[in-house]
Amino acid sequence: MRTRDLSYWLFLAPVLIALTLVVIVPLLFGVYYSFTDWNGITSGNFVGFDNYIKMLHDDEFGKSLWFTVKFSVASIILINVIGLSLALVVTSKIKTSKFLRTIFFMPNLIGGLILGFIWQFIFIKVFASVGDVIGVEALKGWLSTTQTGFWGLVILMSWQMSGYIMVIYIAYLEGLPQELLEAADIDGANAFQRFRYIIFPLVAPAFTVSMFLTLSNSFKLYDQNLSLTGGGPFKSTQMVAMEIFQTAFGENQMAYAQAKAVIFFVIVAIISLTQVYFSKKREVEM
Amino acid sequence: MGRKKYYIIEIIGVILALLWLSPFYLMIVNSLKSKKEIFTDVLKLPKAFNLDNYIEAFNQLEFIKTFLNSLLITVISVAIIIIFSSMAAYALSRNKGKMSGVLFFIFVAAMLIPFQSVMIPLVTIFGKFQMLNRIGLIFMYLGFGSSLSIFLYHGTLNGIPKTLDEAAKMDGCNKFQTFWYIIFPMLKPITVTVGILNTIWIWNDYLLPSLVINQEGMQTIPLRMFFFFGEYTKQWHLALAGLTIAIIPVIIGYFFAQREIIKGISDGAVK
């Protein structure tokens with residue numbers, strides 16, 4: 001098929017039109033809006049970098065950004081540790097392997113919004129009840145403080161995503177050369193040594209993929225944030241995605257929200273590209 | 001390595017699985033209790049097996065209508081994404097020129113753009129053209145879904161020899177016939193993957209429909225669930241029954257297609 005052919009363009013036309021109208025044009029408009037004082041109704045005036053300068057002094061945005069970063073770091077570590085552990089459990093020669101995979105993966109099929117509501121019940125009602133029974137005060141009033149809200153989100157996210165990451169690790173673990181593992185056994189390697197020197201280096205590419213997925217998922221988290229804590233108490237668990245939404249549709253500061261959205265895009269792009277770059281480099285060295 | 005070791009791993013696995021299931025267990029057990037019972041005994045089993053909460057939540061959610069709304073939007077969007085992404089990926093893989101390279105790069109790069117970065121202008125522009133409706137929503141899903149789908153199709157198509165296309169051409173097929181009768185059937189495994197990934201995403205999506213089709217009567221399950229939950233925050237017995245009802249179709253789907261789903265997810269992530 002040559003680019004001169006009509007059929008080439010006919011094959012591409014539907015997705016090209018859709019991508020252009022849904023992603024590219026809004027992105028360009030968005031960058032333009034971020035330099036205006038547009039409020040969503042009247043067409044705005046050009047104000048240069050005003051919105052971006054305002055952002056530097058915006059405590060709320062700074063806080064949500066920092067909260068998002070902390071959340072992402074905690075989630076990435078936990079999800080990968082749990083995900084790899086689950087993968088190691090279900091790939092060992094146990095009878096319930098298939099059944100366990102099915103269970104661990106299940107939360108990923110259900111929407112983040114619904115999962116957030118389920119966990120809201122567990123944190124508020126069940127935790128309080130358990131706290132009563134075993135006499136631990138700390139279990140009461142979950143989600144009512146910034147700290148418990150933070151861990152609530154991390155627990156929810158880890159429970160949901162570990163099964164997904166497990167599936168990725170399984171794909172690599174099942175491709176491990178058996179001779180190598182047997183050779184290690186014969187040489188008298190213990191379980192830890194087997195893991196440290198054989199399994200871990202060989203599943204490193206899986207780490208690249210899962211790191212990319214966990215990072216971008218936790219950084220862009222919205223549904224779970226909305227339904228579990230709603231950003232509360234006092235917006236202290238509000239992550240960036242939700243903060244942008246609030247600025248735009250809650251406070252009707254469209255242009256300002258758009259400037260935040262542009263910065264958000266830049267951060268996501270830089271993190272994703274750096275992460276992929278370094279992970280790839282590390283893989284080669286191993 | 002002794003057998004004993006596997007028993008220990010097996011037990012650990014089962015305990016973990018029970019832990020994983022506990023949120024669902026707590027949801028279902030409490031959805032059968034009365035408002036008062038949840039208040040006093042969260043951890044106990046329900047006193048009586050009573051489906052009243054379910055009947056009321058089912059009616060309040062207008063579940064049949066909401067379910068059909070979700071089904072309609074998901075099925076049409078996924079079908080369109082499959083058809084148009086596979087066609088586009090075919091064109092890009094059968095022409096390795098500069099233009100294809102640039103277009104492929106744009107499609108892949110679009111995956112990096114967070115939804116929030118285009119959300120505000122997207123809603124404004126589509127609003128101006130009176131396109132904040134279901135057709136607009138499906139079109140948006142095509143735009144957002146095409147990137148990953150083209151990426152996945154492209155990888156598979158590169159492995160299908162061009163000689164097949166040439167043979168079809170000799171037999172008098174035009175480009176469309178070659179694609180639909182010869183190539184597309186060969187793409188079935190990756191089509192399943194693309195279909196699964198997009199179905200899970202679109203079925204569960206909340207933010208985009210909330211911005212585009214928020215009218216009564218047109219709401220999808222996540223949308224309707226959001227309002228339902230807001231109204232019944234203090235009435236956990238109804239809220240929990242509603243959540244359970246919303247999850248049931250997904251679990252039924254998972255039960256029938258779990259092999260394909262897990263394989264699809266793993267293929268999609270590893271490629």
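Cβ atoms are placed via backbone N, Cα and C, with glycine included.
Because TrEMBL annotations are produced automatically, they should be read as predictions rather than curated entries.
Within the same chain, residues 1, 44, 46-49, 51-52, 254-255, 258-259, 261-262, 265 sit at least 6 positions outside the transmembrane segment (A:7-35) and bring their C-beta atoms closer than 8 Å to a C-beta of that stretch. The transmembrane segment annotation in TrEMBL covers A:7-35 (among others).
Packing against the transmembrane segment (A:65-91) from elsewhere in the chain are residues 97, 100-101, 104, 150, 153-154, 157-158, 161-170, 173-174, 195, 199, 203, 207, 210-211, 214-215, 218-219, 221, 236-240, 267: each is 6 or more residues past its ends and has a CB under 8 Å from a CB in it. What TrEMBL lists as transmembrane segment is A:65-91 (among others).
Summarising the annotation, TrEMBL assigns domain 'ABC transmembrane type-1' to A:65-275.
Annotated transmembrane segment per TrEMBL: A:103-128 (among others), in sequence order.
According to TrEMBL, the transmembrane segment annotation covers A:148-173 (among others).
Remote same-chain residues near the transmembrane segment (A:194-215) are listed as 72, 75-76, 79-80, 83-84, 88, 161, 164-165, 168-169, 171-173, 176, 180-181, 184-185, 271-272, 275-276, 279-280, 282-283, 286 (criterion: CB distance under 8 Å, separation of at least six residues from the stretch ends). The transmembrane segment annotation in TrEMBL covers A:194-215 (among others).
Panel annotation: around the transmembrane segment (A:261-278), residues 27, 30-31, 34, 52, 55, 65, 208, 211-212, 215-216, 219-220, 240-241, 244 of the same chain, lying at least six beyond its termini, place a Cβ under 8 Å from a Cβ of the stretch. Taken from TrEMBL, the feature transmembrane segment covers A:261-278 (among others).
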